(Lines of atoms letter the chains of each structure in order from A and count residues from 1; the text may use other names and numbers.)
(Lines give C-alpha, C1' and ligand atoms only; values in the text may rest on other atoms or scores of the structure.)
Protein backbone atom coordinates (compact mmCIF):
# COMPACT_ATOMS: atom_id res chain seq x y z
CA UNK A 1 0.00 0.00 0.00
CA UNK A 2 2.92 2.33 0.67
CA UNK A 3 4.12 1.81 -2.92
CA UNK A 4 0.66 2.67 -4.30
CA UNK A 5 0.48 5.83 -2.18
CA UNK A 6 3.92 6.85 -3.40
CA UNK A 7 2.98 6.35 -7.07
CA UNK A 8 -0.26 8.28 -6.71
CA UNK A 9 1.58 11.13 -4.96
CA UNK A 10 4.18 11.17 -7.72
CA UNK A 11 1.55 11.30 -10.48
CA UNK A 12 -0.34 14.13 -8.76
CA UNK A 13 2.91 16.05 -8.28
CA UNK A 14 3.82 15.73 -11.96
CA UNK A 15 0.36 16.87 -13.06
CA UNK A 16 0.54 19.91 -10.76
CA UNK A 17 4.04 20.81 -11.99
CA UNK A 18 2.97 20.44 -15.63
CA UNK A 19 -0.09 22.61 -15.08
CA UNK A 20 2.11 25.26 -13.44
CA UNK A 21 4.61 25.10 -16.28
CA UNK A 22 1.88 25.32 -18.91
CA UNK A 23 0.53 28.46 -17.26
CA UNK A 24 3.98 30.02 -17.15
CA UNK A 25 4.73 28.99 -20.73
CA UNK A 26 1.52 30.31 -22.24
CA UNK A 27 1.43 34.05 -21.90
CA UNK A 28 0.04 33.91 -25.40
CA UNK A 29 -3.75 34.04 -25.34
CA UNK A 30 -6.02 31.03 -26.02
CA UNK A 31 -6.31 30.55 -29.77
CA UNK A 32 -10.00 29.66 -29.61
CA UNK A 33 -10.98 32.60 -27.40
CA UNK A 34 -13.85 34.51 -28.97
CA UNK A 35 -13.06 38.11 -29.93
CA UNK A 36 -16.36 38.96 -31.56
CA UNK A 37 -19.30 37.43 -33.42
CA UNK A 38 -21.39 39.48 -35.82
CA UNK A 39 -24.56 38.08 -37.47
CA UNK A 40 -26.55 40.07 -40.04
CA UNK A 41 -30.13 41.08 -39.32
CA UNK A 42 -31.63 40.11 -42.69
CA UNK A 43 -32.53 36.45 -43.19
CA UNK A 44 -32.57 34.04 -46.11
CA UNK A 45 -35.80 32.52 -47.39
CA UNK A 46 -34.69 28.89 -47.60
CA UNK A 47 -32.75 28.18 -44.42
CA UNK A 48 -32.49 24.43 -45.02
CA UNK A 49 -30.83 24.90 -48.42
CA UNK A 50 -28.55 27.58 -47.01
CA UNK A 51 -27.34 25.26 -44.24
CA UNK A 52 -26.90 22.40 -46.67
CA UNK A 53 -24.75 24.59 -48.92
CA UNK A 54 -22.71 25.69 -45.89
CA UNK A 55 -21.99 22.09 -44.91
CA UNK A 56 -20.98 21.17 -48.47
CA UNK A 57 -18.67 24.17 -48.72
CA UNK A 58 -17.03 23.18 -45.42
CA UNK A 59 -16.33 19.70 -46.76
CA UNK A 60 -14.11 21.30 -49.39
CA UNK A 61 -12.67 23.96 -47.11
CA UNK A 62 -11.62 21.41 -44.49
CA UNK A 63 -8.97 20.07 -46.86
CA UNK A 64 -7.87 23.58 -47.87
CA UNK A 65 -7.51 24.64 -44.24
CA UNK A 66 -5.47 21.56 -43.39
CA UNK A 67 -3.07 22.12 -46.30
CA UNK A 68 -2.90 25.90 -46.68
CA UNK A 69 -4.23 27.45 -43.48
CA UNK A 70 -7.04 29.19 -45.34
CA UNK A 71 -9.95 28.25 -47.57
CA UNK A 72 -12.77 29.63 -49.70
CA UNK A 73 -15.96 28.20 -51.13
CA UNK A 74 -19.23 29.17 -52.79
CA UNK A 75 -22.38 27.25 -53.67
CA UNK A 76 -26.06 27.69 -54.50
CA UNK A 77 -28.25 29.97 -56.54
CA UNK A 78 -29.10 33.60 -55.66
CA UNK A 79 -30.49 34.78 -53.34
CA UNK A 80 -29.40 31.70 -51.35
CA UNK A 81 -25.98 31.49 -52.99
CA UNK A 82 -23.44 31.30 -50.17
CA UNK A 83 -19.82 32.53 -50.03
CA UNK A 84 -17.54 31.38 -47.21
CA UNK A 85 -13.96 32.28 -46.27
CA UNK A 86 -11.76 31.26 -43.34
CA UNK A 87 -8.11 31.81 -42.41
CA UNK A 88 -5.78 31.15 -39.48
CA UNK A 89 -3.24 33.64 -38.11
CA UNK A 90 0.25 33.21 -39.47
CA UNK A 91 1.83 32.20 -36.14
CA UNK A 92 -0.19 28.96 -35.83
CA UNK A 93 1.02 25.53 -36.86
CA UNK A 94 -1.18 23.08 -38.73
CA UNK A 95 -2.63 21.36 -35.68
CA UNK A 96 -3.40 24.61 -33.89
CA UNK A 97 -5.00 26.03 -37.03
CA UNK A 98 -7.36 23.06 -37.42
CA UNK A 99 -8.27 23.14 -33.74
CA UNK A 100 -9.21 26.82 -34.02
CA UNK A 101 -11.02 26.34 -37.34
CA UNK A 102 -13.07 23.35 -36.15
CA UNK A 103 -14.43 25.47 -33.32
CA UNK A 104 -15.10 28.65 -35.25
CA UNK A 105 -16.97 27.00 -38.14
CA UNK A 106 -19.51 25.56 -35.70
CA UNK A 107 -20.07 28.98 -34.14
CA UNK A 108 -20.55 30.53 -37.59
CA UNK A 109 -23.41 28.13 -38.38
CA UNK A 110 -25.31 29.45 -35.35
CA UNK A 111 -25.82 32.75 -37.22
CA UNK A 112 -28.16 31.12 -39.74
CA UNK A 113 -30.88 31.76 -40.95
CA UNK A 114 -29.18 35.20 -41.07
CA UNK A 115 -27.85 35.94 -44.55
CA UNK A 116 -24.29 36.10 -43.22
CA UNK A 117 -21.90 37.01 -40.45
CA UNK A 118 -18.32 37.10 -39.16
CA UNK A 119 -16.65 35.31 -36.26
CA UNK A 120 -13.20 36.26 -34.93
CA UNK A 121 -11.12 34.10 -32.60
CA UNK A 122 -7.67 35.05 -31.40
CA UNK A 123 -6.21 32.46 -33.75
CA UNK A 124 -8.56 32.39 -36.75
CA UNK A 125 -11.39 34.08 -38.64
CA UNK A 126 -14.44 32.96 -40.65
CA UNK A 127 -17.02 34.84 -42.70
CA UNK A 128 -20.13 33.80 -44.64
CA UNK A 129 -22.31 36.02 -46.85
CA UNK A 130 -24.87 35.79 -49.64
CA UNK A 131 -22.63 38.00 -51.79
CA UNK A 132 -19.00 37.82 -52.94
CA UNK A 133 -16.83 39.68 -50.41
CA UNK A 134 -13.50 37.95 -51.19
CA UNK A 135 -11.88 41.12 -52.60
CA UNK A 136 -13.33 43.60 -50.11
CA UNK A 137 -10.86 45.53 -47.98
CA UNK A 138 -13.03 47.87 -45.92
CA UNK A 139 -16.76 47.87 -45.13
CA UNK A 140 -19.01 49.98 -42.85
CA UNK A 141 -19.46 47.21 -40.28
CA UNK A 142 -15.72 46.69 -39.71
CA UNK A 143 -14.73 46.49 -36.05
CA UNK A 144 -12.48 48.72 -33.94
CA UNK A 145 -11.69 48.05 -30.29
CA UNK A 146 -9.60 50.10 -27.89
CA UNK A 147 -8.84 48.99 -24.34
CA UNK A 148 -9.84 50.94 -21.26
CA UNK A 149 -6.28 50.74 -19.98
CA UNK A 150 -4.20 53.81 -20.78
CA UNK A 151 -0.54 54.71 -20.89
CA UNK A 152 -0.53 58.50 -21.39
CA UNK A 153 3.26 58.79 -21.42
CA UNK A 154 4.64 60.45 -24.50
CA UNK A 155 7.23 57.67 -24.93
CA UNK A 156 4.51 55.03 -25.28
CA UNK A 157 2.41 57.05 -27.75
CA UNK A 158 5.40 57.91 -29.95
CA UNK A 159 6.72 54.34 -29.87
CA UNK A 160 3.26 53.06 -30.71
CA UNK A 161 2.87 55.27 -33.78
CA UNK A 162 6.29 54.32 -35.11
CA UNK A 163 5.72 50.60 -34.57
CA UNK A 164 2.26 50.71 -36.16
CA UNK A 165 3.77 52.33 -39.24
CA UNK A 166 6.56 49.77 -39.24
CA UNK A 167 4.02 46.93 -38.94
CA UNK A 168 2.33 47.99 -42.19
CA UNK A 169 5.68 47.89 -43.97
CA UNK A 170 6.76 44.53 -42.51
CA UNK A 171 3.43 42.85 -43.24
CA UNK A 172 3.32 44.10 -46.83
CA UNK A 173 6.88 42.96 -47.53
CA UNK A 174 6.34 39.61 -45.79
CA UNK A 175 3.46 38.41 -47.99
CA UNK A 176 0.58 39.47 -45.80
CA UNK A 177 1.67 38.54 -42.27
CA UNK A 178 3.98 40.46 -39.96
CA UNK A 179 4.89 41.22 -36.36
CA UNK A 180 6.81 43.95 -34.54
CA UNK A 181 8.06 44.29 -30.99
CA UNK A 182 9.78 47.08 -29.18
CA UNK A 183 10.96 46.61 -25.63
CA UNK A 184 13.02 49.14 -23.72
CA UNK A 185 13.45 49.90 -20.06
CA UNK A 186 10.48 52.25 -20.27
CA UNK A 187 8.20 50.95 -23.02
CA UNK A 188 6.94 47.60 -24.33
CA UNK A 189 5.02 47.53 -27.60
CA UNK A 190 3.98 44.50 -29.68
CA UNK A 191 2.06 44.34 -32.93
CA UNK A 192 0.67 41.74 -35.35
CA UNK A 193 -1.13 42.17 -38.69
CA UNK A 194 -2.41 39.88 -41.42
CA UNK A 195 -4.21 40.25 -44.75
CA UNK A 196 -6.68 37.69 -46.05
CA UNK A 197 -5.26 35.51 -48.79
CA UNK A 198 -7.99 36.54 -51.23
CA UNK A 199 -6.50 40.04 -51.54
CA UNK A 200 -3.84 41.17 -53.96
CA UNK A 201 -0.70 42.83 -52.62
CA UNK A 202 -2.09 46.26 -53.49
CA UNK A 203 -5.40 45.54 -51.76
CA UNK A 204 -3.54 44.17 -48.75
CA UNK A 205 -1.52 47.37 -48.36
CA UNK A 206 -4.62 49.54 -48.68
CA UNK A 207 -6.41 47.50 -46.00
CA UNK A 208 -3.41 47.65 -43.66
CA UNK A 209 -3.01 51.42 -44.03
CA UNK A 210 -6.66 51.91 -43.17
CA UNK A 211 -6.32 49.58 -40.16
CA UNK A 212 -3.12 51.36 -39.05
CA UNK A 213 -4.81 54.75 -39.04
CA UNK A 214 -7.73 53.32 -37.06
CA UNK A 215 -5.37 51.64 -34.59
CA UNK A 216 -3.35 54.82 -34.08
CA UNK A 217 -6.53 56.54 -33.05
CA UNK A 218 -6.71 54.11 -30.09
CA UNK A 219 -3.52 55.50 -28.54
CA UNK A 220 -2.80 56.05 -25.66
CA UNK A 221 -4.85 52.90 -24.96
CA UNK A 222 -2.50 50.05 -24.12
CA UNK A 223 -4.36 47.76 -26.57
CA UNK A 224 -5.99 48.28 -29.93
CA UNK A 225 -7.54 45.88 -32.43
CA UNK A 226 -9.02 46.50 -35.89
CA UNK A 227 -10.92 43.80 -37.80
CA UNK A 228 -11.46 44.98 -41.36
CA UNK A 229 -13.13 43.03 -44.15
CA UNK A 230 -9.76 42.25 -45.67
CA UNK A 231 -7.26 42.29 -42.80
CA UNK A 232 -6.62 42.09 -39.07
CA UNK A 233 -4.47 44.58 -37.13
CA UNK A 234 -3.57 44.51 -33.44
CA UNK A 235 -1.17 46.04 -30.92
CA UNK A 236 -0.64 45.74 -27.13
CA UNK A 237 1.90 46.51 -24.42
CA UNK A 238 2.48 42.77 -23.85
CA UNK A 239 3.49 39.89 -26.11
CA UNK A 240 0.22 38.22 -27.15
CA UNK A 241 1.62 36.20 -30.06
CA UNK A 242 1.69 32.43 -30.27
CA UNK A 243 5.48 32.24 -30.24
CA UNK A 244 7.03 29.15 -31.91
CA UNK A 245 9.54 28.71 -29.07
CA UNK A 246 6.74 28.66 -26.50
CA UNK A 247 4.76 26.26 -28.67
CA UNK A 248 7.71 23.89 -29.08
CA UNK A 249 8.41 23.99 -25.36
CA UNK A 250 4.76 23.29 -24.60
CA UNK A 251 4.68 20.38 -27.04
CA UNK A 252 7.91 18.98 -25.59
CA UNK A 253 6.59 19.21 -22.04
CA UNK A 254 3.34 17.55 -23.05
CA UNK A 255 5.18 14.74 -24.86
CA UNK A 256 7.53 14.02 -21.96
CA UNK A 257 4.70 14.26 -19.45
CA UNK A 258 2.62 11.84 -21.48
CA UNK A 259 5.45 9.28 -21.54
CA UNK A 260 6.06 9.69 -17.81
CA UNK A 261 2.38 9.34 -16.93
CA UNK A 262 2.01 6.28 -19.17
CA UNK A 263 5.08 4.69 -17.58
CA UNK A 264 3.76 5.43 -14.10
CA UNK A 265 0.32 4.09 -15.01
CA UNK A 266 1.87 0.86 -16.30
CA UNK A 267 4.02 0.58 -13.16
CA UNK A 268 0.97 1.16 -10.99
CA UNK A 269 -0.95 -1.50 -12.92
CA UNK A 270 1.91 -4.01 -12.57
CA UNK A 271 2.16 -3.33 -8.83
CA UNK A 272 -1.58 -3.77 -8.34
CA UNK A 273 -1.66 -6.97 -10.39
CA UNK A 274 1.37 -8.31 -8.50
CA UNK A 275 -0.29 -7.57 -5.17
CA UNK A 276 -3.52 -9.21 -6.32
CA UNK A 277 -1.76 -12.31 -7.69
CA UNK A 278 0.47 -12.57 -4.64
CA UNK A 279 -2.49 -12.33 -2.31
CA UNK A 280 -4.41 -14.93 -4.33
CA UNK A 281 -1.45 -17.34 -4.29
CA UNK A 282 -0.97 -16.80 -0.56
CA UNK A 283 -4.65 -17.43 0.18
CA UNK A 284 -4.65 -20.51 -1.99
CA UNK A 285 -1.59 -21.95 -0.27
CA UNK A 286 -2.97 -21.10 3.15
CA UNK A 287 -6.25 -22.78 2.25
CA UNK A 288 -4.43 -25.86 0.97
CA UNK A 289 -2.30 -26.07 4.10
CA UNK A 290 -5.36 -25.67 6.30
CA UNK A 291 -7.22 -28.35 4.39
CA UNK A 292 -4.25 -30.68 4.52
CA UNK A 293 -3.80 -30.02 8.21
CA UNK A 294 -7.37 -30.99 8.98
CA UNK A 295 -7.79 -33.89 6.59
CA UNK A 296 -4.45 -35.47 5.66
CA UNK A 297 -3.54 -38.90 7.08
CA UNK A 298 -0.37 -39.61 9.01
CA UNK A 299 2.18 -41.87 7.39
CA UNK A 300 2.34 -45.53 8.40
CA UNK A 301 5.52 -46.47 10.26
CA UNK A 302 7.79 -48.66 8.11
CA UNK A 303 7.38 -51.58 10.53
CA UNK A 304 3.60 -51.49 10.08
CA UNK A 305 3.47 -51.34 6.29
CA UNK A 306 2.93 -55.04 5.91
CA UNK A 307 -0.17 -55.29 8.12
CA UNK A 308 -3.22 -56.94 6.66
CA UNK A 309 -5.68 -54.07 6.86
CA UNK A 310 -6.65 -50.96 4.90
CA UNK A 311 -5.67 -47.38 5.43
CA UNK A 312 -8.85 -45.42 4.77
CA UNK A 313 -9.02 -41.89 3.42
CA UNK A 314 -10.57 -39.42 5.78
CA UNK A 315 -12.92 -38.26 3.00
CA UNK A 316 -14.16 -41.86 2.62
CA UNK A 317 -15.11 -42.00 6.28
CA UNK A 318 -16.78 -38.60 6.04
CA UNK A 319 -18.96 -39.72 3.12
CA UNK A 320 -19.77 -43.02 4.84
CA UNK A 321 -21.10 -41.22 7.93
CA UNK A 322 -22.47 -38.10 6.24
CA UNK A 323 -19.73 -36.06 7.89
CA UNK A 324 -20.10 -37.94 11.17
CA UNK A 325 -23.72 -37.00 11.54
CA UNK A 326 -25.14 -37.66 15.01
CA UNK A 327 -27.87 -39.70 13.39
CA UNK A 328 -25.22 -42.33 12.63
CA UNK A 329 -23.71 -42.35 16.12
CA UNK A 330 -23.98 -45.74 17.86
CA UNK A 331 -22.41 -44.78 21.19
CA UNK A 332 -19.76 -42.79 23.04
CA UNK A 333 -17.24 -43.46 25.81
CA UNK A 334 -14.39 -41.76 27.60
CA UNK A 335 -11.87 -42.33 24.78
CA UNK A 336 -14.03 -41.90 21.73
CA UNK A 337 -17.29 -42.50 19.91
CA UNK A 338 -18.63 -45.06 17.43
CA UNK A 339 -20.47 -44.31 14.18
CA UNK A 340 -22.22 -46.52 11.70
CA UNK A 341 -21.21 -45.95 8.13
CA UNK A 342 -21.90 -47.27 4.64
CA UNK A 343 -19.15 -47.52 2.03
CA UNK A 344 -19.72 -46.71 -1.64
CA UNK A 345 -20.04 -50.45 -2.42
CA UNK A 346 -22.87 -50.82 0.14
CA UNK A 347 -20.87 -52.50 2.90
CA UNK A 348 -21.77 -51.37 6.41
CA UNK A 349 -18.95 -50.51 8.78
CA UNK A 350 -18.46 -49.35 12.34
CA UNK A 351 -16.07 -46.43 12.78
CA UNK A 352 -14.52 -45.80 16.16
CA UNK A 353 -13.25 -42.22 16.43
CA UNK A 354 -10.63 -41.93 19.18
CA UNK A 355 -9.92 -38.62 20.82
CA UNK A 356 -6.22 -39.44 21.18
CA UNK A 357 -3.98 -37.97 18.50
CA UNK A 358 -0.35 -37.12 17.86
CA UNK A 359 2.61 -39.28 16.94
CA UNK A 360 3.04 -41.02 20.31
CA UNK A 361 -0.63 -41.87 20.61
CA UNK A 362 -0.61 -43.11 17.03
CA UNK A 363 2.23 -45.50 17.83
CA UNK A 364 0.29 -46.88 20.79
CA UNK A 365 -2.81 -47.35 18.67
CA UNK A 366 -0.79 -49.15 16.03
CA UNK A 367 0.39 -51.54 18.70
CA UNK A 368 -3.23 -52.21 19.59
CA UNK A 369 -4.11 -52.59 15.96
CA UNK A 370 -1.31 -55.12 15.62
CA UNK A 371 -2.90 -57.24 18.32
CA UNK A 372 -6.47 -56.84 17.03
CA UNK A 373 -5.61 -57.57 13.44
CA UNK A 374 -3.54 -60.60 14.41
CA UNK A 375 -6.38 -62.17 16.35
CA UNK A 376 -8.45 -64.36 14.06
CA UNK A 377 -11.69 -65.94 15.25
CA UNK A 378 -15.09 -66.38 13.71
CA UNK A 379 -16.76 -64.80 16.72
CA UNK A 380 -14.54 -61.70 16.77
CA UNK A 381 -15.64 -58.58 14.92
CA UNK A 382 -13.26 -58.28 12.00
CA UNK A 383 -10.92 -55.27 11.97
CA UNK A 384 -10.89 -53.60 8.52
CA UNK A 385 -8.51 -50.66 8.80
CA UNK A 386 -7.66 -47.26 10.20
CA UNK A 387 -7.23 -43.57 9.45
CA UNK A 388 -5.23 -40.85 11.16
CA UNK A 389 -5.40 -37.04 11.04
CA UNK A 390 -3.75 -34.36 13.13
CA UNK A 391 -6.75 -34.22 15.45
CA UNK A 392 -8.29 -37.72 15.47
CA UNK A 393 -7.57 -41.40 15.02
CA UNK A 394 -10.12 -43.79 13.47
CA UNK A 395 -10.50 -47.57 13.71
CA UNK A 396 -12.79 -49.24 11.19
CA UNK A 397 -14.57 -52.54 11.92
CA UNK A 398 -17.05 -54.73 10.17
CA UNK A 399 -20.51 -53.66 11.37
CA UNK A 400 -22.41 -56.20 13.46
CA UNK A 401 -26.03 -55.66 14.38
CA UNK A 402 -26.77 -55.90 18.11
CA UNK A 403 -28.07 -59.41 18.95
CA UNK A 404 -27.95 -61.92 21.79
CA UNK A 405 -24.57 -63.58 22.17
CA UNK A 406 -26.12 -67.08 21.71
CA UNK A 407 -27.43 -66.07 18.27
CA UNK A 408 -23.98 -64.90 17.30
CA UNK A 409 -22.30 -68.09 18.58
CA UNK A 410 -24.89 -70.82 17.86
CA UNK A 411 -27.27 -69.22 15.41
CA UNK A 412 -30.33 -70.26 17.45
CA UNK A 413 -32.57 -68.30 19.78
CA UNK A 414 -31.82 -68.74 23.46
CA UNK A 415 -34.77 -70.06 25.50
CA UNK A 416 -34.92 -68.60 28.98
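Any Cβ shown, glycine's included, is placed from N, Cα and C.
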Query raised in the report: Of the ranges 174-199, 200-225, 226-251, 252-277, which one does TrEMBL list as transmembrane segment?
Result: 252-277
**Report entry** the domain 'Gnk2-homologous' (138-240), counted residue by residue under DSSP: helix, strand, coil
**Finding:** 36 helix, 32 strand, 35 coil
Query raised in the report: Quick one: DSSP breakdown of the domain 'Gnk2-homologous' (32-133) into helix, strand and coil?
Result: 38 helix, 32 strand, 32 coil
